[in-house]
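Participant: I'd like to ask some things about the structure below.
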Amino acid sequence: MTDTDLITAGESTDGKPSDAAATDPPDLNADEPAGSLATMVLPELRALANRAGVKGTSGMRKNELIAAIEEIRRQANGAPAVDRSAQEHDKGDRPPSSEAPATQGEQTPTEQIDSQSQQVRPERRSATREAGPSGSGERAGTAADDTDNRQGGQQDAKTEERGTDAGGDQGGDQQASGGQQARGDEDGEARQGRRGRRFRDRRRRGERSGDGAEAELREDDVVQPVAGILDVLDNYAFVRTSGYLPGPHDVYVSMNMVRKNGMRRGDAVTGAVRVPKEGEQPNQRQKFNPLVRLDSINGGSVEDAKKRPEFGKLTPLYPNQRLRLETSTERLTTRVIDLIMPIGKGQRALIVSPPKAGKTTILQDIANAITRNNPECHLMVVLVDERPEEVTDMQRSVKGEVIASTFDRPPSDHTSVAELAIERAKRLVEQGKDVVVLLDSITRLGRAYNNASPASGRILSGGVDSTALYPPKRFLGAARNIEEGGSLTIIATAMVETGSTGDTVIFEEFKGTGNAELKLDRKIAERRVFPAVDVNPSGTRKDELLLSPDEFAIVHKLRRVLSGLDSHQAIDLLMSQLRKTKNNYEFLVQVSKTTPGSMDSD
């Protein structure tokens, strides 16, 4: 190598920093005024700071980034460097490929920037992982974010390979693509940060999240007491504060609270909700106020509710305790039912009635008789798909809990009301109480399930879906007498002779499920004879468990006499004899005296 070549090489090194362009970021070495930095957007400033080696840029603001970049430039321009001539002499003596710092232990600020610009992408990826937990909250470690980081790393590696192969002329393109990649990564970090902040804000406000987290109650929060019936759905629960139907003031209950406290559907719950403070903006995504405190379940403590038995594990028995319905001399409906179809605690009775046969009046008389003669029983009247005026009449005439869903409501409301009502009755039975449920009617409930349930593809005659018959049968099958204490009595009406094939199919499904049946006759009702009871097909299974031996023998004689007559003559004879006596006891004594030969014939 001649002296001319050495001089040329030295001039190329000093005058045209072409080799340094591949390693030194030109925008950092250039003396850019502060105004040009102020015009850059935040992702560009972060990318520039990352190339300069500034760490933690994801949490910096714009003015902080500008200050950090200017500090790096001042260190690079004004630092005490090694004598320039000595460096040039050393570079001239060494081969051009060994253009490295004079000492490996110490580096000047300019050389630090060069080395940091070469390692900008690995450091940025590590900085992203380090800043992830602090910047993006609890969601920084999700699988989606890891996938984004892996894809970004692969793209960075490809960019580095292309930049290495292209040489010094493509150094600017490599840095430009690196800047775009950095901006994309920083945008991802910004999105992660926003998601993390939103998640933390939701946790602080007590908004429910996907895992059903409970709402947090602070010391300075003002609470308001609430009470209602718990309705547990698939992944959430509500306290129905306005009855058994959904309302605008229902209270949300997290599934964690339901499982932790052993809460069940139909529980009577009391607790508290947080009252929004003055000037506090309501959460637009939070439609219902969450329950922040649980005080009692079914009038008892929460610990007692965890120890209660399950309704399905209780032992069912035949009814053995009678519910007497006779109230007064002139109330013949209940007197006839006591003689023809005696009812016990835990009975599953059906009142089979054609239209306009007086079934609603019979239900009212039964309800009033139960509240008068058996005040220990909890009475619930469930009216499904009923006329609004009949609901009002029932509420005013019955001293009990009337749960209604009128016919102008959608079928889903009919089914939800019936399900929540029977679940409420089960919760009372688990406490050892006697509950009587009067349902009007099981046929209309079957219609509602047929209209509300999705089609299964198997349609029976009359357009009845096969899956729509099970839920009302489950409702009726809940009636039972519990050996451990408590009972659930269900008296439901079933409509026949309506001219609808679907009603006939529904009735045939329930025909063998009841253990007591009271059949009404339309022809008797057309003669204006009430109650229009068809005596011969009506009766109770295992009625000897409800009647005393003497009473059972006399009733047996009476039914033998009435069986020889047609339905019209039988009810006329029975009604005429009941009007002559003050009560059923006197009537049975009279029957035993007037038919002595029947006992001998037996």
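A Cβ is built for glycine as well, from the same backbone N, Cα and C atoms used for every other residue.
According to Swiss-Prot, the ATP binding site annotation covers G344, K345, G346, Q347, R348, A349, K356, A357, G358, K359, T360, T361, R387. Feature annotation from Swiss-Prot assigns compositional bias 'Basic and acidic residues' to 85-96, 183-192. The feature compositional bias 'Polar residues' is assigned by Swiss-Prot to 100-120. Look at Swiss-Prot and you will find 172-182 tagged as compositional bias 'Low complexity'. If you look up Swiss-Prot, you'll see 193-206 marked as compositional bias 'Basic residues'. Sequence annotations record features per position, and here Swiss-Prot assigns domain 'Rho RNA-BD' to 223-301 based on sequence analysis. Annotation comment: Swiss-Prot describes 1-35, 76-216 as region 'Disordered'.
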Participant: Is G344 (ATP binding site) helix, strand or coil when read with DSSP?
Facilitator: strand
Participant: Quick check on the binding-site residues G344, G346, G358: which one has the highest count of other Cβ atoms within 10 Å of its Cβ?
Facilitator: G346
Participant: Going by DSSP, how much of the domain 'Rho RNA-BD' (223-301) is helix, how much is strand and how much is coil, in residues?
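Facilitator: DSSP composition of the domain 'Rho RNA-BD' (223-301): 6 helix, 35 strand, 38 coil.
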Participant: For a quick check of packing: other C-beta atoms within 10 Å of the C-beta of R387 (ATP binding site), how many?
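Facilitator: Other Cβ atoms found within 10 Å: 14.
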Participant: Of the residues named as ATP binders, G344, K345, G346, Q347, R348, A349, K356, A357, G358, K359, T360, T361, R387, how far apart in Å are the Cα atoms of the most distant pair?
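Facilitator: Roughly 30 Å, rounded to the nearest whole number.
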Participant: Among the binding-site residues R348, K356, whose Cβ has the fewest other Cβ atoms within 10 Å?
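Facilitator: Sparsest of the binding-site residues R348, K356 by Cβ contacts within 10 Å: K356.
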Participant: How many neighbouring Cβ atoms, not counting its own, are there within 10 Å of the Cβ of T360 (ATP binding site)?
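Facilitator: So the Cβ neighbour count for T360 (ATP binding site) comes to 20.
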